[in-house]
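Peer 1: Quick one: this structure, given as structure tokens, is what I'll be asking you about.
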Amino acid sequence: MDLEQDEWMSQRQRQQQMEFSRIGIEVIGSKKDLIVNSMKNHETTLTIINETYRIVYYDQYESKFTSCNIITFDGKDKRSIKKMKRVVQKLSNESTNSSHQFDLHSHALLQSSSSSSSSSTSSSPSLTSSPSSPISTSPPYHSSPQLLEHLLHQQQPITSVGSKPSFFVIINLYNDDRQSYMSEIVSFAGSFQFIEWRNDESWKEVFKLSSNLLTYHVKKNELARACTLGDINLLDEIILSGCSKSQLKEAQGAGYTIVFNSYTSYSSGSSLVVSGTMALLCAIVENGTFLLLSKSNITRFPMSIINMCSQLVELDMSNNRITEIPIEITELKFLKNLNLSDNLINDIPLEICNLTLLKVLLLNENPLNNFPSSIVELGTKKLLSFCRNILEGKSCETWNKVKLMFVGEEGVGKTRLCKLLIGSKYNKKKSSSSSSSSLSSLSSALSSSSSSSSIINSNSISNSNINMVNIKNENQVTGDTVSTEGVNIHDFKSKKVEFYAWDFGGQQIFYPTHQFFLTTQSLYLLIFRVNDSNFAERVNYWVHQIKAKSGISLPIIFFVGTHIDSCTPEQLSMAESILKSNFIKYSRVKQNVINFVSCVTGKGVKELKKRLIHESEKSRLIKKDIPGSYIILEQRLSNRGANQGRMSISNSASNSSSSLLNSSSSSSPSLTSKKSSSHLKHSQQQQQQHQQQQQQLQQSIKEKYIDYDDYLNECKLSYLKPHEIKDATDFLHNLGIILHFDSPKLNNLVVLDPQWLADVMSSLITFSHSWIKLGILNHSDLQSIWGGRYKQTLWPSLLKLLEKFEVSYQLPNLSKSLIPSLLPDDPIGEILEIKDREWVPLKLAMENNYVQVFGCDYHFSFMPLGFFARLLLRILLIQGIDIKTYWKDGVLLDILTPSDKIKQQQLLQKKSIFEPTTTLSPFLCSLSLTDSQNYSPLEPPPLILNSPRVNRKFISNSTSTTSTTTSTTSTSTTSSNNITPLSMSSITPYSPTSPRTPSFSSSSTTTSSSSSSSSPSSQFCGVGCHRNINKNNGSSNELIKTLTKINNQNGSSGELIKTTTTTSTSTSTTSTTTPTTTTPTIPIKNNNNKKLPINRTVSSLCLTAKPKLQALITFIKKKSFEQSHDNDSYKLNIQVRTYNTTIDKEHSVSLFFQQLLFTIDTLISGSYQGLEVTRTIPCTHCIQLNPTIEPYHFDLGDCISALEDGRSHVYCGNDPNTPVRIDYIAPDICLKKVPTFTDDQILYERQIGEGGFGLIHKGKLISNKSDIAIKSLILCNSNNNNNSNNNNNSNNSNNFKNNNNEDEFIEKFQEFQHEVFIMSNLNHPNIVKLYGLMHNPPRMVMEYVEHGDLYHLCQDKERYASLGWTLKLRLMIDIAKGIGYMQNQNPPIVHRDLRSPNIFLKSLDENSPVCAKIADFGLSQQSVYSVSGLLGNFQWMAPETIGVEDESYTEKVDTYSFAMILFTILTGEIPFDEYSFGKMQFINLIREENLRPTLPFDCDPRLSNLIQLCWSTNPKKRPSFTFIIKELLEIRIDSIQTSYFDSPFLKNYPASI
């Protein structure tokens, strides 16, 4: 084994030897074999000038090329004395001759160079002895490129023309008994170095001396070569590798000799060209103060200048190819003038401000991609001040860029007005291309001014006049308009302000995407046609759209009326009056915000400009106190694509992908300046430049957006501190430089080019193509939409990007995408058929008394377009539902009952009967929760749509196909959503009509005979059923029989198996349903508790005794401005129906209703914070009396107040004598499963705690004397709750409503109800039990845990010190079991507030059944797919839950918090107490820098690894609690065993036992 290892090592050593270049040393003399053989057995590598070599020692007869000589002598041979004399004499003579040959060689080289450059050297500055004149450098290779290229590319050996260095090795072995003549031999060595070889270790001295001689020799030759060629880069590399000043002085002397010999012998002029290398050597050796290295082809800043020229006062390095200024330049303390112009520098280090004597810094003609050129243009003093302010953390820079938003309806003149403000003429013929181009920047306008008549020289908004061009009046009066698709961005400047003008497309189809571009810190121009009789309605929409985006602060809105040429003074006066009375209140600015202009004559435009500039200054849109790092960040991002116009993409469909490259190339920043590029004439340099440009071009094309981690790196490179990043991001977002959203789907994305994003969005939803039918896009049609615009390889990425912005949703397993904004406005075609078939008219349902109805209405003062499209996608993710159909403003669904889920499980178990016999119609789909959880919120659950060429009915070779369907169910552990996609059958185009919006007050269209007799669940199959319908009816009938048998086996004798027979022909479609059993009559209680028989005279939907739960959610939009004060102008209507059952029996209804309301509230609070929202509840008594009229609506607060007053009902406003049960109209706020206690059943003892939620008392249940804890909700500032007397704890909830805001009252009660709801569904020994609740005030009666909480235990150091290691592990295990139980719920429970105060200790005996329990579920949520919200207690919270308001997260946040609890149990300390940062700094360090507590050094390695896994920054890396519990149990078992075997008892026990 050892031999094999030695052989492997030898092979490895030989392989490594071959990787290095070799330097040979010739060994001469009688003892050469000893030296050669010994040195071969040792590692002999060395590094010379950043290159590694291996020294190889050769015998003189091996005829290898060598660079050094070793001459050996036998120290115990007297003849060696004479040999030494002869050798020394010969070497001395060769040294003299080689020196002369070296001078001749260098002289000849310089002569060849000088003779070919004599014509150009005359123009170079002369070399003088005056100290005030810097040494001029103009390397000879500039004038003789052919010679230079030859010299640079030739392969020269590492040697010189002169003799090789030599040294002596005298063998004087100690184990040799002969007489030594060492002293005599050495006496004749003279100046030559020698080594005495005594033993085997002497090889080290030989190698050391060999290395030193070779290094010196190579560096000497390379110095000569660098000086001869004028290669400053090589000279700098040599100096930095380690050259003594004596070596440099020697090189300088040799260089001067060559230069002056050349001058006296060959130069005919009076001036002398001195190479840059000689100038640098002179500055180093003579400690010079001036150095000029211009035009020296330097590629990097020579660090030798910084290290060895500390006295420099003036440094000129212009006209080179330097790419970076080193931070170490600040070592040049005496530097006053620094010229770095005409290089390739991209950034300037802030530390340059430490050059306190610097007066002149020239940086012109540099790319400066990562440093604001505007600062450089202000001069050296301002630049240094700018850098110093950033380093010192000062915020004193001015930002004069203002985002100007042009909004309004289509055809009002936004684009024309924008061009007039820019200062350009308007050309009708060019308008189309101008509007379709992705961006018109000022620079492009100026560059084309000579060839385009539509551009004029005026390019700024200022107080000076602007040239206007008259456009024929008829163009405007006749309605000749320019259409902007999506958003176009322009920019125009004045001396005081630079506007970024955003021109929003006015077509309604683009409105849903506008929300991503509206920002708070903007100046809005709301443009409308004064001669439009309905202009108030148009203005009203945009005013509320802007207000909704601005939140609580009022935006700055200028109202600009156009087309005044065709208006009378009376019309203008009336328009102004309407604006003042209705809309001016929504603008922060009240004066001079109403403007009337003419885009034909330019009337009013000049005044509008002045007002915009004035208001920008007055309203502080021009910032004068921002950090300079913001400006650097903007510059860096602009370099990557955030600068508008840098990477424009043509909208012309005819453009090829190559034109995209060309257009991007023309707008990309140049890698070299114009001056420096003129010197790069060599083919290799040009090729390198071309490759760099292509590389940057490819990068610029890709970087339309970057991920957030990349953005954070840019922030770090911009000198932003972690706590400044959010403010900087918001600042640039509000200005429109970038787009970044804190929403769960978009927080990891930073859009660098908003114009590009607008183009991508508009290209998909534009009105100019008709490829998307009924909201469904076939990916095969993308060629017609994106072909020529974007490379086909980018299409999948673009689709994913649009999914993030909720514009499109790619349907899994299909090459199709859903475009919600392009869904039909109203139910039409098959959508209408499904709706009419599944949703029985309310009047008919109520007349037959087989249905119970409840719901609620959300009333909005305004709602932007696109709201319901976003809500729809969230509804699709709610579990336990079966989507029937949907359209733009509505969705119809079934709510799955427990029996449905049981049957689905049985269907899954018997899925073998559904062996595929033919292809299933493509519209059939199913989705389980397990599948949906594999999709992120960015990827909606799988939806399957049928082909647009296939009718929605079953298609077969025969004329009819019979199919059987069952209710959608799920397994016992997962719920399912069956999502019915829209039909893609051939439907004739439709014209939008008035909305068909079902509500409680209107009856639906009477169901046709065919639809009323069809099955409610027709055309759907269960989850996981790969069901296929045979082409013959026989097989289908067998399938029906099998399904019937399954249902009968399930005990559902009263249920129906519906058989749907569908006949597909070109002209007609029929459907029949045949019941298989007789359905008994089931009585249902109405609100008055009267039993009402169910009439079986309605459709087959109602004939079955099987309970059925349905919901219809619709959105009603206002029709006109006159309806703006109507409560139903914007209303979200939710209607839920239960057939053949009651709300009391089917808790699935309440659960769905709670999840639906939570989904709606989350969307509104996250994306529509500026809206006024109220929620009302319709009276079911009114609906039962007359479903055709509007019912009375209860206020939500009234229902809550009634519950708190102990009343189970409220009274109808239309019939005050009729009580209505609250649990029937608002089951979400009633928790009927939870027992209720009264005051006479509870005995209060003392207060034991207090928190933000309320007070906690210890008490007893009077019935069994058991200890309890009572948690009370604080509803007022009264101290009554502190009293132990039961009577004093009662409180009138109305007092709260009278003294506090009603919204706060509702919010607190809902939080209380939420915690009760969560706890009522938990039953685990490691979770504090809920016994019941009390009203007036709201209270929870819970299990009492006697040993207090973990926090106070750790604060008591004596108690904590008494905890044994195995007890600590037991506490960890108990807590892990409790959390694991919560995460195994369906859906999982996210506690969100796990910390030591919420961990209670049941026992401190590790052998007790229970030691620790989890409590306080006030912040808990059921994770449908993720939850969101900003949390406190940052020490315990996961990074994704702190610092960002709308960031989403899953149950993995509790895993992170559990790691902090483990740390607390392990150390007794609060996490992060070891640090002393501020809260915001803590949050940023935790989120961005992965700051974590320090684990004890003696922590068990397995526990340490487990904790680090649990607090991983990436939630996906955090382990499951199954794994966590297993690991903790193993650690505890090992600890117990170790403790047992280490016990004194075992140690003293006889070893034989």
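The backbone N, Cα and C atoms fix where each Cβ goes, glycine too.
Below are the features listed in Swiss-Prot for this protein:
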REPEAT    287-309  repeat 'LRR 1'
REPEAT    311-333  repeat 'LRR 2'
REPEAT    334-356  repeat 'LRR 3'
REPEAT    357-378  repeat 'LRR 4'
DOMAIN    395-619  domain 'Roc'
COMPBIAS  648-675  compositional bias 'Low complexity'
COMPBIAS  683-696  compositional bias 'Low complexity'
DOMAIN    694-893  domain 'COR'
COMPBIAS  956-1018  compositional bias 'Low complexity'
COMPBIAS  1059-1090  compositional bias 'Low complexity'
DOMAIN    1242-1546  domain 'Protein kinase'
BINDING   I1248, G1249, E1250, G1251, G1252, F1253, G1254, L1255, I1256, K1271  ATP binding site
ACT_SITE  D1393  active site, proton acceptor
Peer 1: If you count, for each of the binding-site residues I1248, I1256, the other Cβ atoms lying within 10 Å of its Cβ, which residue has the minimum?
Peer 2: I1248
Peer 1: Using a 10 Å radius around each Cβ and counting other Cβ atoms from all shown chains, which of the recorded positions E1250, D1393 yields the largest count?
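Peer 2: Sorting the candidates by Cβ neighbours within 10 Å, the top entry is D1393.
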Peer 1: What else in the chain is close to the repeat 'LRR 2' (311-333), if you only count residues 6 or more beyond its ends and a Cβ gap under 8 Å?
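Peer 2: Sequence-distant neighbours of the repeat 'LRR 2' (311-333): 134, 283, 287-301, 303, 305, 339-349, 351-352, 354-357, 362, 672, 675-676, 679.
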Peer 1: Within 10 Å of the Cβ of G1254 (ATP binding site), how many other Cβ atoms can you find? Include all protein chains, please.
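Peer 2: By my count, 21.
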Peer 1: Run through the repeat 'LRR 3' (334-356) and tell me, per DSSP, how many residues are helix, strand and coil.
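Peer 2: Breakdown, helix to coil: 5 helix, 3 strand, 15 coil.
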Peer 1: Looking only at C-alpha atoms, tell me how far E1250 (ATP binding site) is from D1393 (active site, proton acceptor), rounded to the nearest Å.
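Peer 2: So the alpha carbons of E1250 (ATP binding site) and D1393 (active site, proton acceptor) sit roughly 16 Å from each other.
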Peer 1: Whole-number answer please: how many Å between the C-alpha atoms of I1256 (ATP binding site) and the residue listed as 'active site, proton acceptor'?
Peer 2: 18
Peer 1: What Cα-Cα separation, expressed in whole Å, is found between G1254 (ATP binding site) and the residue listed as 'active site, proton acceptor'?
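Peer 2: With the alpha carbons as reference points, the distance is 16 Å.
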Peer 1: For D1393 (active site, proton acceptor), just give me the three-state DSSP call.
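Peer 2: DSSP assigns D1393 (active site, proton acceptor) to coil.
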Peer 1: Take every residue in the repeat 'LRR 2' (311-333), average their pLDDT values, and give the whole-number result.
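Peer 2: Averaged over the repeat 'LRR 2' (311-333), per-residue pLDDT gives 91.
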Peer 1: Sort the residues of the repeat 'LRR 2' (311-333) into helix, strand and coil with DSSP and give the three counts.
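Peer 2: Taking the repeat 'LRR 2' (311-333) as a whole: 5 helix, 3 strand, 15 coil.
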Peer 1: Looking only at the repeat 'LRR 1' (287-309), how are its residues distributed among DSSP helix, strand and coil?
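Peer 2: Going through the repeat 'LRR 1' (287-309) residue by residue, I get 6 helix, 3 strand, 14 coil.
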